[in-house]
Ligand SMILES: Cc1ncc(COP(=O)(O)O)c(C=O)c1O
Ligand SMILES: N[C@@H](CCCC[NH3+])C(=O)O
């Protein structure tokens, strides 16, 4: 479900024309649709209905507190990777008791903070980390709930930089070592409560096969760990991919069902494949979707500043750079780019859409056919709701863009654009 569509020649987010937001708030600008986020959560929740389950939204995908609050109100939990993300969840009204804490390098401060806030579970990624969590909990006179992340050595068949479940990746503990790690933790870590087992094989998976392979491979392990240590949950991680090629709403919900090829991995197909294997476990099943929840729920708006017709290429120079959206240059991420005003003329031209940053890698699209747009006109970079703003930076001392949440007719600024004062805050002369 997407809530971005053309209506009477203009691109809308729900009932709000994006051109009006760009003119009023300036660009670059992130705009999110609350209805899309709600729709995605509800669909995933419904497709997992047969399981005792908890959706722990991966905060890293989009950590705006209005987005987190939307998910918290739907009953969602959160997968966090830092004290900062936990802090955001709490500010958003989320429940720490529904938070899992992932990541290979948790620090003492982070462990202490999460323990004191009463999170649901630490997902430990090494034996050394398990021992450290045990030590910190002991020093605080507390017990730490833990799960161990297994690295199942399954190829997620996604981009190398977002593959996490192969032995050569830094994540989790090798499949063959897991049982010994649980045994040693149970024997020598009195301040730990062994609560679960976790895995996550990668991001932007567009085929169900690797999910199924990983679940089938890990289930015997889960069964054994449950029998020995009485765990209560198994987290199957996140990774459900989205369709970057078809980011606009067709205007007809049934169309999405019928045109499965434009979204090869539907949440229904995902659930149909994995739920029958998970149900007999009799455990609470957690899943940690990030991109699925918010990816298609956001766009980044940008203005064309200049056009340059060079010997080799036509460049459309826009006011958003790789500091605002790094996915194209970091992962060869492909985002559909469309004008906010639908041109009457169907002519397209092959261009590079580039930003103002002093790097050759600063592009939003290369060799892309887009409609003719002139300086002063606006473009929308679609499916930018996940890993868009959260990966933005102040590189080239550029202020971070504003974020807006649209809900029906209402558009609310949920994060102000940074001023130059904001960017320099905390910096002093020697
Ligand atoms: C442990 C863990 N869980 C969940 C996610 C969310 O992934 P995605 O946004 O692909 O659903 C990630 C990121 O890949 C992750 O590392
Ligand atoms: N940042 C990545 C996804 C990484 C997932 C985090 N484990 C992206 O934009 O596709």
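Residue 1 is the first one shown; counting continues down the chain.
Glycine too: its Cβ is placed from the backbone N, Cα and C atoms.
All annotation found in TrEMBL is predicted automatically rather than curated by experts.
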Would you identify which residue of 284, 291, 417 TrEMBL lists as part of the substrate site it also attributes to 327, 331, 359, 387?
291
If TrEMBL says 288, 289, 290, 291, 387 bind pyridoxal 5'-phosphate, which of 230, 239, 426 does it name for the same site?
239
What is the interatomic distance between the Cα atoms of residue 60 (N6-(pyridoxal phosphate)lysine) and residue 288 (pyridoxal 5'-phosphate binding site), given in whole Å?
11
Sort the recorded positions 239, 288, 289, 358, 387 by C-alpha distance from residue 331 (substrate binding site) and give me just the closest.
387
For the C-alpha pair, I'd like the distance in angstrom between residue 387 (pyridoxal 5'-phosphate binding site) and residue 358 (active site, proton donor), rounded off.
22
Which of 331, 387, the listed binding-site residues, has fewest other Cβ atoms within 10 Å:
331
Reported as an integer number of Å, what is the Cα distance between residue 358 (active site, proton donor) and residue 239 (pyridoxal 5'-phosphate binding site)?
32
Measuring Cα to Cα, how many angstrom lie between residue 359 (substrate binding site) and residue 239 (pyridoxal 5'-phosphate binding site)?
30
